[in-house]
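Per TrEMBL, the features are as follows:
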type: ACT_SITE; residues: His54; note: active site
type: ACT_SITE; residues: Asn127; note: active site
type: BINDING; residues: Tyr337; note: heme binding site
type: DOMAIN; residues: 6-393; note: domain 'Catalase core'
Amino acid sequence: MAPTYTNSNGQPITPDAFATQRIGQHGPLLLQDFNLIDSLAHFDRERIPERVVHAKGSGAFGVFEVTDDITDVCSAKFLDTIGKKTRIFTRFSTVGGESGSADTARDPRGFATKFYTEEGNLDLVYNNTPVFFIRDPSKFPHFIHTQKRNPETHLKDANMFWDYLTTNPESVHQVMVLFSDRGTPASYREMNGYSGHTYKWSNKNGDWRYVQVHFISDQGVKTLTNEEAGQLAGSNPDHAQEDLFKNIAAGNYPSWTCYIQTMTEQEAKEAEFSVFDLTKVWPHKKYPMRRFGKFTLNENPKNYFSEVEQAAFSPAHTVPYMEPSADPVLQSRLFSYPDTHRHRLGTNYTQIPVNCPVAGRVFAPHIRDGAMCVNGNLGSHPNYLASDKPVEFQQYSIQQDQEVWNGAACPFHWKATDADFKQATDLYNVLARYPNQQKNLAHNVAVHVANADAWVQDKVFDYFTKVAKELGDAIKKETLELSPRK
Ligand code: HEM
């Protein structure tokens, strides 16, 4: 039977859906026409703030399955048995563009996954690049502003883009990834995900490890050239959304195999880089990959706004035996995400079904009331830990035997040095193994920096010359051909 058409109060609207109430034949409308006011007033409030970064995205539900035993590394319950399955929701995104921007922009891709585990939600909020532009969290708003629009012209601005990056050269490793063809993935299905940050996972005995996580695409990694990406941005700006939705709808489910790299505290002390520096990768030969699971995306959301736009991921949403490391950027992210969720979605954002831990999990009698409290609010249960209403506490170690820090509060700014160019140079040498990749990198930079002023271009030539002289020379040659100096 067809549903009865109603207003938001459930009152049937009949018989004409589009009829308004007016006085006389050509007279003004009536304030008593709740059906019209209900519809227009709700329409006026339809938009919520888009994400301040990662605004354009696509999502899908799926399932994670444990393939290998890593209980010696991590005692999280969802990992305790080979074959155990956990429902997940993944959202992919670009970073800098607005929610209507093109999917093929040169940008890192967000790769955020929520695991609805029996011990609460675990959010792994990753990117498709193993490193990042900054390691001082105070730089994040500065950095992001330079990748977005100029406050005066409201245009993307090659001067501020490159001025920031070259003045803060710890960015160079990530910039090398971004301006290789990996900066324009062919689709969300055909890219990897990386934790970037170091996390700390532990087991029931109190042993703990530093961990990096890798999600390797079972579809393989495919990229676009700068020109292909530009063409698609014009002909089909929603290319990645369409690709993901249609493949899942057709039963062609994408999947990723999950690995960890681990380090003990002693190994970290001996490493030639800091494990808290997310501009660096851990060499695979020294810290081998160990497989632990696989996840498959097999269910499209039924409603984009409800499930994708309202999804709220945070590195602070974690489960027992998985903790953040002292990486200062990660520490700051623990604050920033729930803070923005309270602004973007409201204080009760965890009650929205896509964000809600699996049924029966939440018993937080002190977290009550607030706007849009729609879950029954624990009924008559006291709103504090009442002595006559005992609650159970689960026993798990908070790893008090981990690193020990001691000292006064002190200023900290992790300034760049020439050593920060080493892994960028290593990456440049690796690109030589793949056809055209060194050439494409130089080209991709040149066509972008050709839009900048000469003084900024000169900074860019020096920046890439420090990676490899031939790279700096190639960028300079093509840039000056595209934007000759007078
Ligand atoms: C200080 C550094 C950073 C800050 C302050 C920051 C802040 C934010 C904020 C405010 C959002 C919007 C969240 C929302 O509205 O739901 C966001 C989204 C996101 N960030 Fe970060 N971010 C930082 C670094 C990173 C890094 C290093 C990564 C990856 C390793 C990352 C991955 C993501 C992803 C994947 C999303 C999109 C989540 C989604 O799909 O809803 N961010 N970030």
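Placed from the backbone N, Cα and C atoms, the Cβ positions cover glycine too.
Everything TrEMBL records as a feature, shown here on the structure.
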| residue | record | DSSP (3 states) |
| --- | --- | --- |
| His54 | active site | coil |
| Asn127 | active site | strand |
| Tyr337 | heme binding site | helix |
So what pLDDT does the domain 'Catalase core' (6-393) average out to?
97
Have a look around Tyr337 (heme binding site) and count the other CB atoms within 10 A of its CB, chains all included.
19
Provide the number of Cβ atoms within 10 Å of the Cβ of Asn127 (active site), excluding the reference atom itself.
25
Around the Cβ of His54 (active site), how many other Cβ atoms lie within 10 Å? Please give the count over every shown protein chain.
23
At the level of the C-alpha atoms, what whole-angstrom distance separates Tyr337 (heme binding site) and His54 (active site)?
12
Hey, how far is Asn127 (active site) from His54 (active site), Cα to Cα, in Å?
11
